[in-house]
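What TrEMBL records for this protein:
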DOMAIN    117-404  domain 'Sugar phosphate transporter'
TRANSMEM  113-135  transmembrane segment
TRANSMEM  147-167  transmembrane segment
TRANSMEM  179-196  transmembrane segment
TRANSMEM  234-253  transmembrane segment
TRANSMEM  259-278  transmembrane segment
TRANSMEM  290-309  transmembrane segment
TRANSMEM  391-410  transmembrane segment
Amino acid sequence: MASIATSIQFSIQRSQFSSTSTFLCRAPANLVAFKSRSVAPRASGLELPPESGISPAPVGLSGNGLRSSGWSQLLRRRGSVDFPVTKAADADGLEIDISHGTSKPAKSFTERFPWLVTGFFFFTWYFLNVIFNILNKKVYNYFPYPYFVSVVHLLVGVVYCVISWGVGLPKRAPIDGELLAVLTPVAFCHALGHVMSNVSFAAVAVSFTHTIKALEPFFNAAASQFVLGHQIPLPLWLSLAPVVIGVSMASLTELSFNWLGFGSAMISNIAFTYRSIYSKKAMTGMDSTNVYAYISIIALLFCLPPAVLIEGPKLMQYGFTDAIAKVGLYKFLSDLFWIGMFYHLYNQVATNTLERVAPLTHAVGNVLKRVFVIGFSIVVFGNRISTQTGIGTLIAIAGVAIYSLIKANIEEQKR
């Protein structure tokens with residue numbers, strides 16, 4: 001049958017639908033056909049070309065298949081000759097697929113290109129992480145007070161969360177005493193690991209701290225085996241051997257090595273390991289954004305006392321004045337604000353990113369993130385590393401990658 005272009009305009013009386021509405025429906029050939037039936041002359045508006053060989057006939061539209069929400073239901077087919085409605089347009093002109101009897105909006109850009117959206121999340125995560133590490137280390141070059149800086153990191157994040165709650169993005173989830181008791185150990189481990197990481201960043205090169213923190217999977221496996229009683233497969237233990245060997249090689253010849261930086265990074269690994277253990281017990285129906293906000297608030301309360309006791313007298317005596325004399329008040333305050341903002345944003349984006357991907361992608365992403373941070377820190381700060389340190393770092397990163405891949409595959413098999 002030749003293509004038929006129809007334009008139907010009809011009026012529905014108030015006595016029939018309680019209001020007067022005018023609809024304009026356009027449909028290409030083989031998409032929409034309505035049953036021919038007798039209607040009032042005003043409803044007839046179908047014109048056919050002479051060469052089609054089809055006699056014009058009054059055309060009507062039954063309101064039974066239309067709902068007030070637009071094209072939310074399949075237009076019901078009636079009569080002996082009809083065609084299924086496969087596509088239509090809503091009131092805003094957006095195409096809707098209703099080929100299977102139910103309305104289904106056309107795929108959005110994010111649905112058509114999910115890999116592009118996920119890639120953007122990874123890029124944002126890495127970018128914010130690299131900027132945070134670089135800016136954080138630059139602050140320590142003229143303001144070496146990691147306990148106070150850790151408080152600033154969490155304080156800016158808490159203010160950000162409170163403002164977000166205030167505008168309803170996201171809506172604040174209620175918390176009770178039971179949930180508070182569950183989240184407190186997680187927040188304590190988060191605070192301890194965060195502070196110790198900053199102590200290490202202030203004491204040694206950023207690249208060396210991240211090399212030490214590559215041992216975190218080893219501590220996770222040990223805690224799972226000996227604390228939680230989970231049996232760790234032999235291949236996982238074997239994959240950790242290159243990590244230990246690589247970190248040992250890098251530490252022996254690291255030019256910026258000192259025991260404060262090394263020891264605090266190791267304590268950070270242990271703290272974050274126990275944070276993971278307690279986090280499993282803190283799984284609730286609350287979304288990750290609210291959970292992280294509450295953890296940040298509680299962790300801030302844990303970080304305040306040591307900052308005041310350990311660094312408070314020095315800060316009041318000469319710490320603030322020396323920093324302001326070196327870079328000026330505006331740059332000092334803006335640097336503190338931005339390191340806190342980047343710290344919170346990269347953690348939040350990391351959570352959102354890892355929720356979008358499979359465990360295997362998660363594992364690879366974590367390894368690549370550490371490679372990016374180490375590489376950029378060496379370039380930006382011009383850190384000199386020995387050949388043995390470079391080889392040891394590469395061996396450690398490769399070991400972490402192998403461990404992550406094996407662990408992800410084991411988790412997939414369990415599922």
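Glycine is treated like the rest: Cβ placed from N, Cα and C.
Any TrEMBL annotation is an automated prediction that lacks curation.
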Winner by Cβ pairs under 8 Å against the transmembrane segment (147-167), considering only 113-135, 179-196, 259-278, 290-309, 391-410: 290-309
Touch test for the transmembrane segment (179-196) and the transmembrane segment (290-309), at least 3 Cβ pairs under 8 Å: yes
Top partner of the transmembrane segment (234-253) among 259-278, 290-309, 391-410 - counted as Cβ pairs under 8 Å: 391-410
Local confidence of the domain 'Sugar phosphate transporter' (117-404) - pLDDT mean: 86
Residues of the parent chain within Cβ reach of the transmembrane segment (290-309), under 8 Å, 6 or more residues beyond its termini: 147-148, 150-151, 154-155, 157-158, 161, 164-165, 170, 172-173, 175, 180, 183-184, 186-188, 190-192, 194-195, 282, 284, 344, 347-348, 351
Long-range neighbours of the transmembrane segment (259-278), counting only residues six or more past its ends (CB under 8 A): 185-186, 189-190, 192-194, 196-197, 199-200, 203-204, 208-209, 212-213, 215-216, 219-220, 222-223, 227-228, 251
